[in-house]
Every structure is written in structure tokens, then in C-alpha cells.
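The structure appears right after this line, and notes come after that.
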């Protein structure tokens, strides 16, 4: 039994898939906390779909698709930031415009040159087939992103809470936002190879949403979210060996299951706890 359970660790491709998935999952979870804090959860969805034209263009030109994806994602993030600062449009309208425009362009590019684009890789990812070059690239993205977030997490927290206060204490909110969106774009590209374009939204939303139900303190929220993101990604890659299923799908199912557990059973913000508090309040009001 134990020999069977340890079998995935005897294959180098499984070891690579597990540690890369855990690293990417942890970084995406870190970023998800700030998206939750600012109410920008849909930006992750917009970016994940906005990288499609970049991937299609890279395939057409014979370039690594990560280059095209990062360029396209960075362009989309920059466009959202520009429109947010220079127009009176609401954030949901801006996200919708960028989402639909970039994704439509991507579908058009795929339709005019369908043989140049491996659409299944874009949609589902393929972490089990990463090359040494992919591994190096994802490792650099993950470790650099994690290092920057660990150094700047307090500055980002202040900026996302209150930009006016951030400026008053000498911070540059615009520069910090550009850094954040750059990291988000890079992490989205990394997650593309792990879970695919359509499931990236889960990795940059669900861990933060789950942690939000479990604590009211932001530093603790960061820790919980990163643990959830890294652990579910590692276990998802590990379980895919036995289940013979899509690694990205397994990771997303695990994260969703943990979120639902927190939604119902969280000690303070869970549904059961909320109903108990409401019942106690009604009982106290009735007794008075």
C-alpha cells in the first residue's frame, strides 16, 4: 500500500509537476487576497481570457506561447488600469470590455489559422508535460513573484485599503498597482500551463475567498490562502497520477470543496454559525 502511494515520487515528471503546481498555486493564492480585498476578483477572469490572443499569436509566429501570453496579459492589465484612471467607467464595465475584446480577438486568430494553435493546451493546460525550459521559466516567475510579494505585501495592503493614506505616507499607488498587475499577468501565464485558461480564475479567486471566511486579520488571511493554494495544487498534481484525470480540473475541484466546507462550517463567517447567531439574536429579542 505504502509503495503504491509513494509511486508518483519515483517519476521525475511527477515531481516536477507537483512542486511547480504548488509554487504557482501559492503565488496565485497570495495575489487572490488582494483581489478579494479590492473587489477585483473578475480581473483574474478577464486576464485569463485576455491571454488567448497572445498565445495564438505566439503559436503562429513559432514563439514560446508564454511570451505571447505575458505580452497579451500585460497589455490587458495596462488597458484596464489606464481606463480605470482616465475614464468614469465603472470597473465591471472596464473588465467586460477588455474581457470580450481580447477574447474575441483570440478566437478570431484561432479561426483563421486553426492548425497553428493547440487549443487544448490553452484551455486545459498540461503541467505533466512541461519541458526543462518550461520548468525554469515557471520557477523564475514563481520565486521572483513570491519574493516581491513578501517584500511589498504591507505596501500593497495599504494601497488597496486606502490610496489616499498610501500617498500621505510616501507610497506610490500607481507604481505599486503596475507591479501588482505585472505579477498577476506573470502568474496567470504560469497558471495557464497548470490548469489552463478557463480555470485560472479559480486559482486567483478561490483561495482568497476561502481564507476570507476563516479569518478577519489580513496577514493571517495571506498565510491561510497560500497554504490552501499550494497544498491543493500539490495534492491535485499528485492525485492526477492515480485518477488519470486532468490535473487542472482536480486542483479546481479540491479548492472548490475546501471553499464549500468553509462556507458552511467556518466558525465565525460560515452559514451554520451565522444562522446560530441569528437564532440567538431572535431569542434574546423575543425574551425582552
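Think of each number as a place in line: the chain as shown, counted from 1.
From the backbone N, Cα and C atoms, a Cβ is placed for every residue, glycine too.
Here the structure is a predicted model, which means the values were calculated and not measured.
Noted in TrEMBL for the protein shown:
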TRANSMEM  12-37  transmembrane segment
TRANSMEM  57-82  transmembrane segment
TRANSMEM  94-116  transmembrane segment
TRANSMEM  136-153  transmembrane segment
TRANSMEM  174-191  transmembrane segment
TRANSMEM  197-214  transmembrane segment
TRANSMEM  221-243  transmembrane segment
TRANSMEM  249-267  transmembrane segment
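Comparing 12-37, 57-82, 174-191, 249-267 for CB pairs under 8 angstroms to the transmembrane segment (221-243), the maximum falls on 12-37.
When the stretches 12-37, 57-82, 197-214 are ranked by Cβ pairs under 8 Å to the transmembrane segment (174-191), first place goes to 57-82. Sequence-distant contacts of the transmembrane segment (136-153), counting only residues of its own chain at least 6 positions beyond either end whose CB sits under 8 Å from a CB of the stretch, comprise 20, 23-24, 26-27, 30-31, 64, 66, 130, 176, 179, 183, 186-187, 189-190, 193, 222.
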